[in-house]
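Visitor: Pasting a structure here, questions to come.
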Amino acid sequence: MAGIIKKQILKHLSRFTKNLSPDKINLSTLKGEGQLTNLELDEEVLQNVLELPTWLAITRVYCNRASIRIQWTKLKTHPICLCLDKVEVEMKTCEDPRPPNGQSPIALASGQSEYGFAEKVVEGMFIIVNSITIKIHSKAFHASFELWQLQGYSVNPNWQQSDLRLTRITDPCRGEVLTFKEITWQTLRIEADATDNGDQDPVTTPLRLITNQGRIQIALKRRTKDCNVISSKLMFLLDDLLWVLTDSQLKAMMKYAESLSEAMEKSAHQRKSLAPEPVQITPPAPSAQQSWAQAFGGSQGNSNSSSSRLSQYFEKFDVKESSYHLLISRLDLHICDDSQSREPGVSANRLMGGAMQLTFRKMAFDYYPFHWAGDSCKHWVRHCEAMETRGQWAQKLVMEFQSKMEKWHEETGLKPPWHLGVDSLFRRKADSLSSPRKNPLERSPSQGRQPAFQPPAWNRLRSSCMVVRVDDLDIHQVSTAGQPSKKPSTLLSCSRKLHNLPTQVSAIHIEFTEYYFPDNQELPVPCPNLYIQLNGLTFTMDPVSLLWGNLFCLDLYRSLEQFKAIYKLEDSSQKDEHLDIRLDAFWLKVSFPLEKRERAELHRPQALVFSASGMIATNTRHAPHCSCSDLQSLFRGFAAAEFFHSNYDHFPKVPGGFSLLHMLFLHHAFQMDSCLPQPNTLPPQRPKASWDLWSVHFTQISLDFEGTENFKGHTLNFVAPFPLSIWACLPLRWQQAQARKLLLASEGRLKPSASFGSPVQSEALAPDSMSHPRSKTEHDLKSLSGLTEVMEILKEGSSGMDNKGPLTELEDVADVHMLVHSPAHVRVRLDHYQYLALLRLKEVLQRLQEQLTKDTESMTGSPLQNQTACIGVLFPSAEVALLMHPAPGAVDADSAGSDSTSLVDSELSPSEDRELKSDASSDQGPASPEKVLEESSIENQDVSQERPHSNGELQDSGPLAQQLAGKGHEAVESLQAKKLSRTQASSSPAALKPPAGRETAVNGQGELIPLKNIEGELSSAIHMTKDATKEALHATMDLTKEAVSLTKDAFSLGRDRMTSTMHKMLSLPPAKEPMAKTDEGVAAPVSGGAARLRFFSMKRTVSQQSFDGVSLDSSGPEDRISVDSDGSDSFVMLLESESGPESVPPGSLSNVSDNAGVQGSPLVNNYGQGSPAANSSVSPSGEDLIFHPVSVLVLKVNEVSFGIEVRGEDLTVALQAEELTLQQLGTVGLWQFLHGQCPGTCFQESSTLKTGHIRPAVGLRFEVGPGAAVHSPLASQNGFLHLLLHGCDLELLTSVLSGLGPFLEDEEIPVVVPMQIELLNSSITLKDDIPPIYPTSPGPIPITLAMEHVVLKRSDDGVFHIGAAAQDKPSAEVLKSEKRQPPKEQVFLVPTGEVFEQQVKELPILQKELIETKQALANANQDKEKLLQEIRKYNPFFEL
C-alpha cells in the first residue's frame, strides 16, 4: 500500500522537484503522515507557479525537510498540513528579459479538468515554513530576504480562518470560483549591499530593514471548467514600521533601484505585449458583467432563488481584475546625515549630523496592471471621489486623442492594416450619455463618417494604473545634535481635524496611468497621465530645513550621476516626453515664520500665512477654469492692454524687453497643432513636454498675519481673499525643440508651417521691421473673436518668418512666460509692525536664496545657468490700506488746546470734545462766554444728578452753529476728516493715562493703560474737579472772548451756503428732526447747522455714568446739542458734512458694545443709510481690537498692469495704473475696519474718471542687479526706483502726511536706494487738521501745490535733489520761461559775491528775530506750566 502511494506522490511531485526518489519519502499511510528530505525544486516550474516578472529568474531552490499530515476523514472541512523546515531560494536579475512564464504545472496536471474535489483539497492546504531565505544577485548589488514562522492557510471572504467549505464561493451561472488565502509571518529581514567589484564605488553601506508581524491576503478567481486563474488580488499588509536611513544607505537604495530600472522597463513592455488572455475574455465593464449575471439569474429566478442570492454574494467579493496592494498602517522614517568625510567647502554650511523625521499614516500603494481603459473604477480598493474625478478627466483625454486619430483617418482616407473594425468604447459611452455639456469638437468626427475609415479597436485599449494614498502625514523640521531635546516643529503636515476631512479622503492621493494595446505595441496610444489631489496640507517655511534638504538631495543626485556613469546606464530624464498632469488641492496653507524681536514684541505677528481654499493646476485643457475658452478670454484681456505689447516702449517699460504675449498661448487657446507636419502615412505624433502650457487656478487665496500677542492671537488679514489664474509656458524650450526638428528634417520636403513660423519671427529677428508682423499681430489681438482671425494673424506672421529663417537666435523670448490675472478687486491692509515683519521676511528669503545658490554651485562644481522669465500681471483694480498710528495732533492736541485755554482749538467742532467734562465745557464756543459759565454750572449739576437714572439718554443742548463759527467754508471742509478721526478717542477712556493696572487697553499712542483704574480714578477726579473747572473757565475766558467774536462773525457768512449743501448731500428736511430714544441706541440728528452729528449709546456701568458729558445750552432751541465727555464710552459721534470735490470722504464708527454683548443700534453710514452694526457679542479677548484706534489711508488704483522680467541676476519690475485716488478714513477702530464696517472701505468705481488721460496716472519701475548699474553704481546691489505720477490731483491731511514717515521708518538703519520721482501735471492739496498752537490763529487754510514737471532724485550718497525736467523742453522755451519769472525769483541768478553781501546785511535782522522767537517760546512755556500747576492742584493725575 505504501509503495503504491509513493508512486502516486512521485508522479505528481516529479514535476516540481529534481532527483526525487522513493527512498527520500518516509510514509505512514494509516496515520496520514509523510516526510521528505533534501528536496531540490525545479526553478522553471516555480517561476511559472509564482508568476515571477521576467527581469527576475530563480537559479536554485532547496528544502532540507518537508512533512505532511492528512486527516483522511475530514478532508472536506480540515486542510492538509504541509510543514517545511528550511527553504533556501537563490535568484538573479536579468539585464534582458528572460522568456515569459509558461503555463502553470498545476493546470497541466489537472489535464484541463474541472475544478473538483482533488483541486479543492490541494488548494485548501495549510503550509508552515520555519524559515525562508531568498538571495538575489545583481550586477550592482546583492540582497537577501529572510522570513521566520511563515504560515499560509485558507480563509473566508472576511479573512478569518474557518471551515474549508466557507473559504470559496462558486457561481455555477458564471462558471467561476473565488478562493481566499492568507500568509502571515513573525519577522521579515531585508538586507542589501553593493557588489564588490574592486575598482568601482568603494563607499557602500549595507541597507537593512526589519519588520515585525505582517501578512499577505490573496483572492483568486478561477474558471471551474479548466482551473485557470482569471484574475487575482494580492494585498501586502504591514503594521507599524520604524526605519532609520542614513544618507549613504539612501544613496545605496537609489543606486540599486536605478540599476534595476532599465531591466524592469524592458520587462514591462514585454508584459504589456503578452497580457493574459483570460482577462480579455472577461466582460470589460462591471455593468456588462452585472447585466450578464442578471440575465442568467433572471432566467432561473422563479425556479431557483438561491442561485440568484449566490450570484449576489459572488458579486460582492468578486475579483473583477488583477491587482496588487501594499498597505502600511504607520511608517516612521528617520533620515540622518552621517557623512563626516566630505570635501572641504562642501559641508561648510551644512548641519552636520542633522536628522529629519517623516511619519506617514495609512500609506497605501495599489497597482492595477490590466485595467480596461474605458472601464469604471468603482470596484477598486477604497474607491473615493478623487478616483471619479480622475476617471472623468482621463476619459476626456482619451476621447481627445481618439478624435485626433479619427480626423487623421478621414484626412488620409487609408484603412490601417491594424484596423479591427470595432467602434470605440468611449464613443459608445459618450453617445449613450449624450451629455449636453459635451464639446461639439468631440462629437462631430463620429457623425456621418464612413465605416471604412474607423480607428483601431479602442475597446482593447488597456491601462496600467498605480495609486498612492497617504491618509495623514507629519514631516518634521531638521534637528541637530546641539538642539534642545524638545520635538521639532512640523515642516509639512495635514490638518485633518481642523478641516473635518472625511475618513475616505486622503491627505495625498496620486494616480499614474499608462496606456497600451496588448495586440500591438506599435499602435499609437494616449499620453500617460498623472493625477494628484492634496487635502488640508500645511507647509512651514523653515530655512534651516530647506538648506539641509537641498544639500542632502544634491549629494544624493551627485552620487546617482556617478553611479550611472560607472554602469553606463541610460538617462531617461533627458527625454522630451509629454505627461498629462492635473493637481487638485484643497485647504492648502504655507506659513512663513517671522523673526522675533524684543522691541514691540506684543505688536509683532509671528507668522505670515498663505491660504488657498481650492487650487487646480494642469497642463491639459480639460479642467474647470483651465479650458481653451478661459485662455481665449484671458489672452484677449492682456492683448487689450497696450502695456503688454512688445512695441510698447513708454515708461515704465523700455525697448528691448521680452515679448510677453507669445504665440504659444494662442496655439493652445485655439487648439492649433504646433508640431511639424508629418507625412500622411504616419499617425500624429505625441506632443512634447516643451509644448506644454500650464494653467493654475486658485478659487480663493489670501495672506494673513497670525500670532500677534497684542490682539490675543486674532488672525489679521493682509491680502483679502480673491481668485487668481496663472498661465505659463516655456517658449524658448519649445522653439529650440522645433529648431532641432528642422535641422533633422529635409529642407526640400519639409516646409515650415504657419503654426510653427509665426511664433519664431520676432522683433529680434527683424529689428528694422519691428513694427510690422508682431506689432500688427498684437494690435489685432484686441478684437479676436474666433479661429478665423487667428489663422489670418498666423499667416501674416509666417510670411515674415520665411524670409528670415527659423533658426535665428531669439532675444525677445524668455525661458518662462507667465500670465497672472484676477477678475476681482485686490485689497491689501498693512500696519507698521506688519510692514517691519515683511522687511525682515524679505531679508530672510534673500539670504535663503543666496545660500541655496552657493550650496548648489559648490555641490555641482559649476555656476548655475542663468534663467530668464517674463511675467505679466493684470488686475482690474486694487487698493492698499495703510493702518497708521493716529497722529499726536489727532489724539492729544485737543487736551493740549483745552489746557491752553483756546476755544479756537479744533475750530470749535462738537466732535472735538476730548478731555474731562470740565475741558468739554471749555471747548465749546457759544456767542456769550459769560452766559456759558452760568449755564454750564447749572447744567453740570443737573446732568450729574439726572444721568444715573436716564440710562444714557442724551441731553439736547449746545449751540452747534456758534461752535463752528469763524472759519468759513474752506476751513470747515479741511476739518471733516479730523473730526471723524477723533471720535474713536472720545468714545473710550483711551486718551487718559493713569498708572498701569491689571486690565489694559491700547490708547492713541499704542501704550497700555488700565481699564479698572481708569473708572475708579476718573469717577473721583470728576467730583473733585467739578468746582475747579468753573474757576479755570473764568480764568481763561478773557483770553477767548476775542477769538469767539471773530469766529462768530466769520461763520455767519458761510453758514447759509454750508447748510444748503449739507441738506442736498444728506437729503435732510430743513425742519428740526426729533430725537429718537431707545434703550439700546440713540440717534440725535441736528439740523439747522453746517454739519450733522449722530450719537450712539451703549449700556454703561455705574462708574462710567459718574462722569458723563456736560450739556451746554444756548439761546436758540434749534441749535441745542448734547456733548459727551472724553471719559465716557456711551456715545460714538459721527460728523457728516459736505461732500465737495475737495472734501475728504468721511468714515463712520460703529457702536461700541459692552462686555455683556448688547446689540447696538443700526449704524448710519456716510450716505445717511442704515447699515448693520458691528457684532457686539465680542469676546473679552477681542476687546483690544475693538478699542484699538488706527488712522487709515487707502490708496486705490484701476487697471493695474504689472510686469516682471528676470535675466539671470537682473530683476526688473514695471507697474502701471490708470487712476490713483486717496481715501483718508481718519481714526477708526481696527476691528470694525477689518470687518468692512467703515463707510468708504468698500471699493467703488470712481465717478470722476478722467477720460482725457494721455498717459497712465501711475508708473513705477524698479531695477536691481548688474544691469541696473547704468543708473548708479549702488543700484546693482540696492536697486533703482523710478516713479512717475501723471495728472494726479491728490489731497492729504497733515496728520496723515506726518504719519506716513513713522509708518515707513525701519527699525534698522536702512540702505540707500537710489531713486527718481517725477510729478507731471499733478497737484497736491495739504489740509491742516492739527489744532493751532495759538488762540489768535485764523484756522488752517488748504495749501495746493501744482507741479507741471518736477523731478526728485536721490543719489548714492542719500542726498535728495529737486529740479525741473528742463531737458524735456527746447532751450529757447527754457530761456523764455526764465525771463517771465517774477523778480523775486531772480535772486538765484545774482552773482555769488552780491548774494554774500546781501546775506551779511540781513544777518542782524535774522538774529534779532531768532531772539524774539526764543523769548516768545519761553513765555509760552511758562504760561503753560502755570496753568498745569493750577489744574493739578485739583486733579493731580492730569497730563497733556
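Using N, Cα and C of the backbone, Cβ positions are placed for all residues, glycine too.
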Visitor: Which stretch does Swiss-Prot mark as coiled coil, out of 165-188, 693-716, 837-860, 1245-1268?
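Guide: From Swiss-Prot, the annotated coiled coil range turns out to be 837-860.
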Visitor: Swiss-Prot annotation phosphoserine: which of Ser444, Ser909 has it?
Guide: Ser444
Visitor: Annotation phosphoserine in Swiss-Prot: match it to one of Ser988, Ser1161, Ser1272, please.
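Guide: Swiss-Prot records phosphoserine at Ser988.
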Visitor: Looking at Swiss-Prot, which of Ser162, Ser900, Ser936, Ser1106 is flagged as phosphoserine?
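Guide: Record annotation (Swiss-Prot, phosphoserine): Ser1106.
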Visitor: According to Swiss-Prot, which residue out of Ser21, Ser758, Ser928, Ser1337 bears the annotation phosphoserine?
Guide: Ser758
Visitor: From 491-525, 1016-1050, 1051-1085, 1401-1435, which range did Swiss-Prot mark with coiled coil?
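Guide: In Swiss-Prot, the coiled coil feature sits at 1401-1435.
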Visitor: Would you mind splitting the domain 'Chorein N-terminal' (3-95) into helix, strand and coil residue counts from DSSP?
Guide: 25 helix, 42 strand, 26 coil
Visitor: Which whole-number mean pLDDT does the model give the coiled coil (1401-1435)?
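Guide: The predicted confidence over the coiled coil (1401-1435), as a mean pLDDT, is 86.
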